[in-house]
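Note sheet for the following structure.
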């Protein structure tokens, strides 16, 4: 599920201050196509319960990066090597989670830091169906106009259920000034420097409910994690998808968490 919500900023001064926070301070796919089976072997399907799914990326043999708002329970499954949700596939590796590590500065109200690491009970068997998606070497921002891709098993339109098969859509990074203007999010919520907006200004190309946690790849580099959008309005040009940027501080947290885990 890509989270969909609205939040009211108390004043313009608060909004401006949030936009200027330095980086060192603490969905089915809409408008896309089914991918060639197992052509995105880093994709992870998270079966949270019988009614809820998320996605993620395998970033080490026993580590998955997803969104913090994806709520797991003891029966939640981490499925590697999947193309279809329902079909039995010999490529699938089904695992359980040993421990969850939500980003310590995650704020559910603003969705800042909507990231979570999942340490798996066992290591994945790496093959042509299951591979690691490497983190970017630098936590650089992504320039407006950059072409990106996002994949997932989420909704294909707002009244649909999940897609049974993995789909992907091409989307474009949109300037934060545009995403925050009165014709788009209007600072509700604030799209800050540790987030990026991506979609189409004409609408119709987006991530959606069920795609939360999916990796955002821009020019082949892992740049963000699917977070939220307008409630029940996936693909609406007024609310492009919002992704948590893999900024320097987020990358440092990921690296230190993995190194420090037992």
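Every residue gets a Cβ built from N, Cα and C, even glycine.
Copied from Swiss-Prot, the annotated features are:
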DOMAIN    29-259  domain 'Peptidase S1'
DISULFID  54-70  disulfide bond
ACT_SITE  69  active site, charge relay system
ACT_SITE  114  active site, charge relay system
DISULFID  148-218  disulfide bond
CARBOHYD  170  N-linked glycosylation site
DISULFID  179-197  disulfide bond
DISULFID  208-234  disulfide bond
ACT_SITE  212  active site, charge relay system
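What Swiss-Prot annotates, mapped onto the structure for a quick look.
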residue: 54; record: disulfide bond; Cβ within 10 Å: 31
residue: 69; record: active site, charge relay system; Cβ within 10 Å: 21
residue: 70; record: disulfide bond; Cβ within 10 Å: 25
residue: 114; record: active site, charge relay system; Cβ within 10 Å: 28
residue: 148; record: disulfide bond; Cβ within 10 Å: 22
residue: 170; record: N-linked glycosylation site; Cβ within 10 Å: 14
residue: 179; record: disulfide bond; Cβ within 10 Å: 25
residue: 197; record: disulfide bond; Cβ within 10 Å: 23
residue: 212; record: active site, charge relay system; Cβ within 10 Å: 32
residue: 234; record: disulfide bond; Cβ within 10 Å: 32
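Proximity to residue 170 (N-linked glycosylation site), judged by a C-alpha distance within 10 Å, picks out 148 from the recorded positions 54, 70, 114, 148, 179.
Rounded to a whole number, the C-alpha distance linking residue 69 (active site, charge relay system) with residue 114 (active site, charge relay system) is 7 angstrom.
Between the alpha carbons (Cα) of residue 70 (disulfide bond) and residue 212 (active site, charge relay system) lies a span of roughly 7 Å. The Cα atom of residue 54 (disulfide bond) lies nearest to that of 212, taking the recorded positions 148, 179, 197, 212, 234 as the candidates.
Regional average pLDDT for the domain 'Peptidase S1' (29-259) in the model is 91.
Secondary structure at residue 179 (disulfide bond), as computed by DSSP, is helix.
Cα separation, residue 197 (disulfide bond) to residue 148 (disulfide bond), rounded: 11 Å. All chains included, 22 other C-beta atoms sit within 10 angstroms of the C-beta of residue 218 (disulfide bond). Here the C-alpha separation of residue 114 (active site, charge relay system) and residue 212 (active site, charge relay system) works out to 10 Å.
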